[in-house]
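Peer 1: The following block contains the structure, expressed as structure tokens.
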Amino acid sequence: MNYRHIYHAGNFADVLKHAVLARLIVYMQQKDKAFRLLDTHAGIGLYDLSSEEAQKTGEWRDGIGRLLDAELPAPVATILAPYLDAVRSLNPEGEITLYPGSPKLARMLFRPQDRLSAMELHPDDSRRLARLFEGDYQVRVTELDGWLALGAHLPPKEKRGIVLVDPPFELEGEYERIVDGLARAYRRFSTGVYCLWYPIKRGAPIAAFHEALKALEIPKILCAELSVKSDRDLTGLSGTGLIIVNPPFTLKDELHAALPELKRVMAQDRYASHRCFWLRGETTEAERQRD
Ligand code: SAM
């Protein structure tokens, strides 16, 4: 396990993933009933962007760094507000030095009744995450293989929940593992909202991955992708993708509004692009005409 998220925290992929996670949480909170977030690959929760590691790659500068400085149209600012307000509140002096990972962001948005189960396999990272939430009865951190949690930890006892699967993709076969993991999890918890992350770069088997997801008997699967540069540029990722199962009915429209702005703000060359479409599900007549 060589992957350390500190090198990538706050980059364009984190921005899209965390902005969507915040929307999913806000949506869950439209009902008073409690929900649980199962974060299968949780990381350390809080990232110091002034650290040597984060400064070495500087990836956050082209992600959250650009977004915080950007002028956004009012509707998009509203969509991104739960996410950006959380980031800003960690950095009251203005200049950004702290960036919330998925468990910390979620916890910042929680109401008293909401719960987080966070899995992290790396012993050091798991210990750091546990320390971050020490004494917090709303959070349980477990040093565990997140893929196992997709079986044993579902359904949550609240019967309402979001499952975030954000693996490091350092091993072969991670796309297949996501498909298998989703199939297993969905059998146990078909009403859950799932958010699955995947990288986009030259040679990545995206089309086969999408086909495999389509072949699952899951009626509602939304896909959102943002590429910030041409995949001919082989340094780092060219793009980022999210699969959202059982998305809130408003999410596609929100992404339709936000993705062009995220592209505009974080593009690294003129080949930047975005798309958002149903892999499985209803495309309404209005969407068909607009898309
Ligand atoms: N979800 C985090 C966020 O958004 O802030 C970032 C997670 S990072 C991309 C992936 C994390 O998964 C790393 O911290 C890594 O140590 C951990 N990891 C790797 N394999 C794992 C496994 N099988 N189960 C749980 N965690 C794992």
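Quick reminder: no glycine exception, Cβ is built from N, Cα and C everywhere.
Pulled these features from TrEMBL for this protein:
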{"type": "ACT_SITE", "residues": "ASP166", "note": "active site, proton acceptor"}
{"type": "BINDING", "residues": "HIS18, HIS41, SER102, GLU120, ASP145, GLY146, ASP166", "note": "S-adenosyl-L-methionine binding site"}
{"type": "SITE", "residues": "TYR3", "note": "site 'Interaction with substrate rRNA'"}
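Could you place the listed features in the three-dimensional structure?
Peer 2: In the three-state DSSP assignment, the secondary structure recorded for ASP166 (active site, proton acceptor) is coil. Around the Cβ of ASP166 (active site, proton acceptor), the same chain contributes LYS17, ASP39, THR40, HIS41, GLY43, SER102, LEU196, TRP197, each under 8 angstroms and 6 or more positions distant in sequence.
Counting Cβ atoms from all protein chains shown, HIS41 (S-adenosyl-L-methionine binding site) has 23 others lying within 10 Å of its own Cβ.
Under 8 Å, Cβ to Cβ, and six or more positions away along its own chain, TYR3 (site 'Interaction with substrate rRNA') finds PRO168, GLU170.
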Peer 1: Using a 10 Å cut-off, grab the number of neighbouring Cβ atoms around the Cβ of GLU120 (S-adenosyl-L-methionine binding site), all chains included.
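Peer 2: Summing over all protein chains shown, GLU120 (S-adenosyl-L-methionine binding site) has 26 other Cβ atoms within 10 Å.
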Peer 1: Please give the greatest C-alpha separation between any two of the S-adenosyl-L-methionine-binding residues HIS18, HIS41, SER102, GLU120, ASP145, GLY146, ASP166, in angstrom, as a whole number.
Peer 2: 22
